[in-house]
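Following: one structure in structure tokens, then a few remarks.
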Amino acid sequence: MSEQRSCVIIGIAGASASGKSLIAQTIYNELMAELDAAEIGVISEDCYYRDQGHLTMEERIKTNYDHPRALDHELLAEQLRALSRGEAVDIPQYSYVAHTRTSETIHFLPKKVIILEGILLLTDPLLRELMDASIFMDTPLDICLIRRLQRDVEERGRSMDSVLQQYRDTVRPMFLQFIEPSKQHADIIVPRGGRNRIATDMIKSRIRHLLLD
Ligand SMILES: Nc1ncnc2c1ncn2[C@@H]1O[C@H](COP(=O)(O)OP(=O)(O)O)[C@@H](O)[C@H]1O
Ligand SMILES: Nc1ccn([C@@H]2O[C@H](COP(=O)(O)O)[C@@H](O)[C@H]2O)c(=O)n1
């Protein structure tokens, strides 16, 4: 039997650079105008990458970050359950440059609406069980690669060669093995990425509807 929920949890999954953060941020900004700002929040699955402080940089670079075992979904599920019970949590913070958690955490207060975004969210039955609605960003992989290349070089301290090698070795194979098949669990499949206006409006309507339940 599922626990009683005091908040609406929306899960947004899809390939890396498919537009998950963009659509999550757009929904957040637009609903914030209707709800109290303190009543809605975004949580990124990336915060739950496992700590690798005990590994050398050489070892960290070899980690497969696109395999479900790289993420602490148990902690994410535990924190979502706590938020649903009305309890605050301390969310770990992650550095893509150091490939490990930072010493900081963010104190996150309970909200009416939580938008959760991340590549592997829909692969995990524990997390799917906690979601009130699930979305899959179905952006073509070549577009995702172009956007990831640009973003990782500009924002995540990577070289073009390292992004392409990681893409060939793990990002694309893991997408095909885990992420793409998880699309079957989505309630809504969003084509064309994070600027799909009709999809964004539909998700907002669903959230409003869930809030009235
Ligand atoms: N529809 C779009 N048009 C142009 N750029 C986009 C679009 N969607 C996302 N981007 C850009 O692509 C990059 C990856 O998008 P992001 O939302 O961070 O992806 P994800 O969270 O799925 O990894 C970002 O730099 C973002 O600004
Ligand atoms: N140290 C790390 C941790 C993760 N990644 C990559 O991040 C991608 C997921 O984040 P998005 O914002 O792109 O959804 C995932 O594909 C990992 O490969 C990394 O490169 N280094």
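Note that Cβ sites are derived from N, Cα and C of the backbone, with glycine treated the same way.
Summarising the annotation, TrEMBL assigns domain 'Phosphoribulokinase/uridine kinase' to 9-198.
TrEMBL lists Gly14, Ala15, Ser16, Ala17, Ser18, Gly19, Lys20, Ser21 with the feature ATP binding site. Ser18 (ATP binding site) falls within neither a helix nor a strand when secondary structure is assigned with DSSP, and so counts as coil.
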Key: Output field, ATP shell: CB within 8 Å of site CB centroid, site Gly14, Ala15, Ser16, Ala17, Ser18, Gly19, Lys20, Ser21 dropped   = Ile119, Met137, Thr139, Cys144, Arg147, Gly193, Gly194
Ask   = Which binding-site residues from the set Gly14, Ala15, Ser16, Ala17, Gly19 come near ligand 2, judged by a Cβ under 6 Å from any of its atoms?
value = Ser16, Ala17
Query = For Lys20 (ATP binding site), which residues in the same chain are close in space, meaning a Cβ under 8 Å from its Cβ, but six or more apart along the sequence?
reply = Ile12, Ala13, Gly14, Glu117, Gly118, Ile119, Met137, Gly194
Query = Near Ser21 (ATP binding site), which residues of its chain come within a Cβ-Cβ distance under 8 Å, counting only those 6 or more away in sequence?
reply = Ser44, Glu117, Gly194
Ask   = Which residue, of the binding-site residues Ser16, Ser18, has its CB surrounded by the fewest other CB atoms within 10 A?
value = Ser16
